[in-house]
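> This structure is in structure tokens; I'll ask about it shortly.
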């Protein structure tokens with residue numbers, strides 16, 4: 001029996017309307033969705049909170065980091081920091097906000113980081129997982145961020161200078177900050193805001209519990225066609241219990257939603273993704289001798305447009321990798337349009353060639369997975385194949401079920417579902433990759 005059912009969660013607004021959008025282009029949401037994204041004003045749950053304001057920046061080099069830290073400290077323990085509409089607040093110094101307890105931040109203006117690459121590469125919070133860094137870290141308990149404003153990562157310079165490089169290259173030393181990070185935080189909610197142009201991942205939750213995002217719009221775009229945003233995932237997590245994303249739109253060049261190792265109790269509802277690498281479980285199993293898990297995820301009412309992947313499970317293979325499990329995952333009501341691989345189990349991650357994957361297969365077990373009511377069209381890049389589920393010979397893949405799959409390919413019909421190494425009946429006709 002699945003850990004999650006839709007009845008366990010409050011009903012949300014109906015699924016988003018779908019527009020035809022060019023990958024990588026800026027997206028202006030439809031009017032009804034725009035209203036969903038900027039609802040901060042009615043999220044006043046504590047109207048009697050004391051309100052703290054700080055001075056705004058005079059220009060893009062007027063750093064108000066000290067003022068922001070002062071305001072956060074004053075609003076802590078029951079107050080609210082108000083960042084006013086029509087005003088800009090420039091942050092040019094790293095901030096340790098790990099001391100928070102019962103605080104609201106009402107972001108109606110623009111909170112913008114400087115693009116001083118040399119400074120940020122020397123002054124940041126570092127996480128060994130995939131060599132991640134951040135501008136700041138938020139920690140503590142009962143933290144609420146809401147409003148109609150913008151959290152701006154000012155990523156263009158980062159995109160320009162990182163062009164041609166890869167985040168997972170062992171020789172990479174050009175680290176780029178993550179826009180929003182929680183560490184050792186409990187009960188964090190973010191509502192209504194826009195997150196714009198993160199230099200790297202947009203959100204990363206570390207060692208945190210009960211994190212929720214609702215009615216958020218995430219976008220990363222470049223004004224330089226030869227330096228597109230890279231690795232600007234919408235959501236990433238590490239050692240997290242309780243992660244909820246609802247009524248949210250994501251227009252980035254990498255994973256739309258991608259919990260990383262040891263993330264459990266996941267709920268996603270009404271998520272719209274354009275130009276992404278999909279709604280992915282993982283990657284996990286990257287580090288030698290380390291056991292990773294992702295389990296108990298319920299994902300429903302998702303639209304995936306113009307991307308590389310749709311519903312994806314990904315695990316590392318190779319000579320020096322780890323092991324673990326992806327377990328108890330449900331994808332339900334998933335709309336696919338112009339997507340290369342609508343449903344995919346990738347156990348040859350990251351960029352592992354066929355020979356190496358065969359010699360050093362993944363040791364991540366894949367169990368209790370449901371894909372239900374997945375419909376739409378692939379891009380045709382993989383020919384007639386619309387689902388590719390090939391299990392590693394070094395792993396157990398069992399209780400994997402597909403139901404109500406209505407996927408087509410512009411490459412022709414009938415559509416093809418590939419399955420190999422999976423124990424039991426998957427519920428639909430499938431064939432081996434060598435057929």
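Placement of Cβ uses the backbone N, Cα and C atoms for every residue, glycine included.
OK, Swiss-Prot features for this one:
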ACT_SITE  254  active site, proton donor
ACT_SITE  277  active site
DISULFID  256-273  disulfide bond
DISULFID  391-397  disulfide bond
CARBOHYD  59  N-linked glycosylation site
CARBOHYD  184  N-linked glycosylation site
CARBOHYD  224  N-linked glycosylation site
CARBOHYD  262  N-linked glycosylation site
CARBOHYD  274  N-linked glycosylation site
CARBOHYD  301  N-linked glycosylation site
CARBOHYD  328  N-linked glycosylation site
CARBOHYD  365  N-linked glycosylation site
CARBOHYD  368  N-linked glycosylation site
SIGNAL    1-15  signal peptide
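How buried are these features, and what lies next to them?
A coil conformation is recorded for residue 254 (active site, proton donor) in the three-state DSSP classification, outside any helix or strand.
Annotation for residue 277 (active site): spatial neighbours 254, 255, 256, 258, 307, 308, 309, 312, criterion Cβ-Cβ under 8 Å with sequence separation of six or more. According to its DSSP assignment, residue 277 (active site) is coil.
The 10 Å shell around the Cβ of residue 273 (disulfide bond) contains 27 further Cβ atoms across the protein chains shown.
In the three-state DSSP reading, residue 397 (disulfide bond) counts as strand. Long-range neighbours of residue 397 (disulfide bond) (same chain, six or more residues apart, CB within less than 8 Å of its CB): 345, 365, 366, 367, 389, 391, 421, 422, 423.
In this structure, residue 59 (N-linked glycosylation site) belongs to neither helix nor strand by DSSP; it is coil.
Under a cutoff of 8 A between CB atoms, and with a sequence separation of 6+ in the same chain, the neighbours of residue 184 (N-linked glycosylation site) are 98, 139, 140, 206, 207, 208.
Secondary structure at residue 224 (N-linked glycosylation site), taken from DSSP and collapsed to helix, strand or coil, is coil.
Long-range C-beta contacts of residue 262 (N-linked glycosylation site), restricted to its own chain and to partners at least six residues apart, with a cutoff below 8 Å, comprise 238, 239, 240, 292, 293, 294.
For residue 301 (N-linked glycosylation site), other Cβ atoms within 10 Å of its Cβ number 22. Secondary structure at residue 301 (N-linked glycosylation site), as computed by DSSP, is strand.
Taking all protein chains in view, 21 other C-beta atoms sit within 10 angstroms of the C-beta of residue 328 (N-linked glycosylation site).
According to its DSSP assignment, residue 365 (N-linked glycosylation site) is in a strand.
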> Using the structure shown, find which entry in 59, 224, 274, 365, 368 (the glycosylation sites) has the sparsest Cβ neighbourhood within 10 Å.
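Output over glycosylation sites 59, 224, 274, 365, 368: least Cβ neighbours within 10 Å is 59.
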> Take the C-alpha atoms of residue 301 (N-linked glycosylation site) and residue 273 (disulfide bond) and report the distance between them in angstrom, rounded.
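Answer for this pair: 11 Å between alpha carbons.
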> At the level of the C-alpha atoms, what whole-angstrom distance separates residue 368 (N-linked glycosylation site) and residue 328 (N-linked glycosylation site)?
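It is 5 Å, counting Cα to Cα.
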> Quick one: of 256, 391, which of the disulfide-bonded residues has the smallest count of other CB atoms within 10 A?
391
